[in-house]
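Per TrEMBL, these features apply:
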- 199-352: domain 'TrmE-type G' (DOMAIN)
- 209-214, 228-234, 253-256: GTP binding site (BINDING)
- SER213, THR234: Mg(2+) binding site (BINDING)
Amino acid sequence: MAVLRLSGPQAGVALTALAGRLPEPRRAQLARLRDPATGEVLDQGLALWFPGPRSATGEDMAELQIHGGRAVVAAVLGAVLTVPGLRPAEAGEFTRRAFLNGRMDLTEAEGLADLIAAETQAQRRLAFAHAFGHLGQQVEAWRGRLIRAMALVEAGIDFADEDDVPAGARALAKPEVAALLEELTAALADRRGALVREGALIAIAGLPNAGKSSLLNALARREVAIVSDEPGTTRDLLEVALDLDGHKATLVDTAGLREAESRVEAEGIRRARARMAQADLVLWVHDLSDGPAPAEPPVAAEAPLWLLGNKVDRAAGLPAPVRSWAGHQLTLSAARGEGLEELTGALSRFIAERAAGEHPALLRARHRASAEEARAQIAHALAQWDRLDDELLAEELRLAARALGRMTGAIGVEDLLDVVFREFCIGK
Ligand code: GDP
């Protein structure tokens, strides 16, 4: 089956021209579709009519559900395009029009793009919440509170002659603005949404030959890394995207962290360290045939560090858990595939716990930049609170509100639209 969607003032004209008449609004109706020029029946299908503004784009919309064959689609599309004023839509144009007509805010449009692109169930759930206003409502609530605080401060300007009003109103606004600062700071620190959208970054680290590439291969179930007995063969970062029980994770094999012998390897090590610094979790692979794991973690990582004792098939007797490692400890054999299920289970539980809960997260760099700008502006306003006069203080708060407004598209976003809607495909 194919669906043709038409939007704009000519949608009704085109539908009438092909189907003979307009169906009852929002009800599917069986219709013979004719070429308006020749009268030839091109196909039989379902016609729907959504008069604006109660439509997806806010404009008049028509939809034709027709047979999916190439010739049928070409014939019906060709006939539709003979109607003056109609042209093929650009990528994301339906969503863009919906935004411009106030049917959705910018975060919802982004959520829709994410929903279409979602690969895992966790991504789908998060994107769905965004597509239907989760973040947008939160941001509008923040902005509303700022605007109220601004009005209180401005009350001081309007009633400048009445002595008690200014001080009283400003005093009322201050705790509200301080609370907002705390909420924005917490939202910026919250990585849960990004963890779901972009996936958890899991770095595999360890000495050369510990079995890092073998582990990556075993988890990816395909050959992506070169496994060799030669220390230092993993010259580049190798990344694999995994779906761990509905959670996206990116696994990075870091180059053997040791003194570099060649420049290429030094670069690999530099990048490995940088990637490890961003990781949500570091897996330290230790070769058990070299003896027990070191008592202390050999690298400092901000993220939790798990100890994986590899080559358990070669180790005589299992070593006792190392007490000083705070994180999880597992033994496995990457080469034989032993202990991998336990590992993937632990990984997916780790991500699920971190990503837990329904939360209006700041998902994208764009959201974070707006929130950060608003946060900095509010912090500045609070720091200057008693020194600034009412007008300047109100202006500071207005700038913070503007920064938030850009996130939902309530304010000045013309320059952003191309960036946001470029992600969509035709027909969305
Ligand atoms: P890396 O340098 O840490 O990436 O280590 P590799 O994955 O290249 O592995 C180094 C060597 O150890 C290779 O010869 C692997 O076949 C071998 N190896 C990896 N895992 C195991 C294992 O679980 N058992 C045994 N016996 N050998 C392994």
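Every residue, even glycine, has its Cβ placed from backbone N, Cα and C.
Fair warning: this is a prediction, and the values are worked out from it, not measured in the lab.
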Legend entry - Assigned element (helix, strand, coil) containing ASN209 (GTP binding site), judged by DSSP: coil
Legend entry - All-chain count of other Cβ atoms within 10 Å of LYS212 (GTP binding site): 31
Legend entry - Mean per-residue pLDDT computed across the domain 'TrmE-type G' (199-352): 79
Inset, instruction - For ASN209 (GTP binding site), list the number of other Cβ atoms lying within 10 Å of its Cβ atom. - result: 22
